[in-house]
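Here the structure comes first, spelled out in structure tokens, and everything after it is commentary.
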Amino acid sequence: MRRDPAPGFSMLLFGVSLACYSPSLKSVQDQAYKAPVVVEGKVQGLAPAGGSSSNSTREPPASGRVALVKVLDKWPLRSGGLQREQVISVGSCAPLERNQRYIFFLEPTEQPLVFKTAFAPVDPNGKNIKKEVGKILCTDCATRPKLKKMKSQTGEVGEKQSLKCEAAAGNPQPSYRWFKDGKELNRSRDIRIKYGNGRKNSRLQFNKVRVEDAGEYVCEAENILGKDTVRGRLHVNSVSTTLSSWSGHARKCNETAKSYCVNGGVCYYIEGINQLSCKCPVGYTGDRCQQFAMVNFSKHLGFELKEAEELYQKRVLTITGICVALLVVGIVCVVAYCKTKKQRRQMHHHLRQNMCPAHQNRSLANGPSHPRLDPEEIQMADYISKNVPATDHVIRREAETTFSGSHSCSPSHHCSTATPTSSHRHESHTWSLERSESLTSDSQSGIMLSSVGTSKCNSPACVEARARRAAAYSQEERRRAAMPPYHDSIDSLRDSPHSERYVSALTTPARLSPVDFHYSLATQVPTFEITSPNSAHAVSLPPAAPISYRLAEQQPLLRHPAPPGPGPGSGPGADMQRSYDSYYYPAAGPGPRRSACALGGSLGSLPASPFRIPEDDEYETTQECAPPPPPRPRTRGASRRTSAGPRRWRRSRLNGLAAQRARAARDSLSLSSGSGCGSASASDDDADDADGALAAESTPFLGLRAAHDALRSDSPPLCPAADSRTYYSLDSHSTRASSRHSRGPPTRAKQDSGPL
């Protein structure tokens, strides 16, 4: 339902018409600040000025009509008491469209809810229109303008100069005007007025300043709240002129002659002589200012120096950056080199440790490579050479291992001193094995760790060790003088660990290979350690075990025992055996004794090794102990016939022991023999060597269990082979003693004297 126009509404038309003719400000903020009521509304309908209620729903816009406007938004400072969603009547001379939104700048009338337009309505969808209105219609937002102090400028004729006027405050934005000598300046060809920073400042710019432009300038800023002014001065320096001194009165050239002077020169006409002259700007000279005078050389030079300095700084920075980059690259290279060198040194150190002589289970010279074994799995690893003949180096029959600086004692026996002896260094090293009566045990097994050093003996400890070895050697010589002679030597066997080939393999500095002996000790027996100048040569040995020990049980197969004689206890061999047993086994008591050859053949041997590698059979291809030949008659011819045709025996894979079948054959041959081991003469031995007698195979490293089984077997002992043996006699006293013990049979060949 449409509301009827209020009474007296026709009287409003006069006021509306006046509002249409009122001047409007250029700034929207000025209009908003000037108008008493500012609202945003939507046109609901239009009515003619006569108040007729029969107008159509949609009518074209027309001036002098009354519009029904619904208030959508308002500003507190200019609300006029209106509320949102309220409908008011607005008389406007501007064309309006129904259902369109406008910002109305209104003035109240005498009638309530009836307003007239103060300024033309503005479309709120324009650029920042509503925002600009909000900036001015806020509390304490509108201020009068306040200008900053203007700086005076000084320039030369023809230069470009400008004066700047800037407002420090002012809302709405003020408008600017420039004045000189009380006259307002407008834009022209030589003068331009520019605005910047949202019309917050104004600039008066001269394209080419002239002498006439010098003077005082005034800038005025004004808004609806007030105005402010500021003053500034422009100074123009005069330049030299080419006017002749004799010239009279001069005046400026007319427009047609102004082009006579170039480069900003001012043309003058000299009356009287009717000649044109030019007033040249700074830096130019000549009749027409066509020459560059280099007047501003210092100024240009300053710019050039500044540019040169900047260029120099840039170059310095570039060179510094390159140097820093090279330094970083160098540091990275040095770090990488040091790291690589350290890794290479560690690798070489590991390789040297792997080649160190103290490394266990090192492969011996000329021997096959075996996998590394624990000390519990192997007692000794020996490698036998097939082409090296038996050497002349001998080893004493005592089984006590002697080393420098160590002593093993038992409560009831004498102490045994262990010192390594070496008499011929140019040939090879030999081991002197001595054994006291305290080292007697069937269940004892061991491995000795020995390493050969290559350093020179210069330290006091080494000199002391040499002195001890010399003293021990002289003591052993005295003890050997009182002992009966023994004909077989462990060194006579080619496969013996004390042979030249084996010892050289152990003592070669280039192929240092350790040989281990481990002794199982009782829990109550302490151990001791032998120290040497070289810490890598230290040897740890157990003391002597206080139990009984038989020498023959340690080396069961090194020598072939002789077959039994005609009867027990008869013959020179039996006497020698008794003498030997009484000397070495004083506490054995009465009972059956073993043959002398069996005991003598096993002295000085090392314990057997239970570890046998089948792949080594092709390398270690020596023969085992062959059975003795059939009984030889007393004549030399018969002995030659019986010694021919020796039979080879193949050894079995079980710890190098002979098979049971071979043992039975040897037993049958031994029973048929009519004489003992000691009945063979030197001539028979020579004949046996000429006929190719059997060469015994060295099996010195047999297991303890196999050795004990061989010793405790019921089969009679075998005689040792007579080939490739080295015999020795200790001295004249021992020779006489051996002749007394063996009256009937002749003695064997002379052996080498003294250990090597």
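Numbers run from 1 along the shown chain.
Each Cβ is built from the backbone N, Cα and C atoms, and glycine gets one as well.
These figures come from a predicted structure and were not determined experimentally.
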Swiss-Prot annotation, disulfide partner among Cys253, Cys278 for Cys261: Cys278
Partner cysteine of Cys219 (disulphide bond, per Swiss-Prot) from Cys165, Cys253, Cys267: Cys165
Per Swiss-Prot, the disulfide partner of Cys253, chosen from Cys267, Cys280: Cys267
Swiss-Prot annotation, N-linked glycosylation site - which of Asn296, Asn361: Asn296
Cysteine of Cys280, Cys323 paired with Cys289 via disulfide, per Swiss-Prot: Cys280
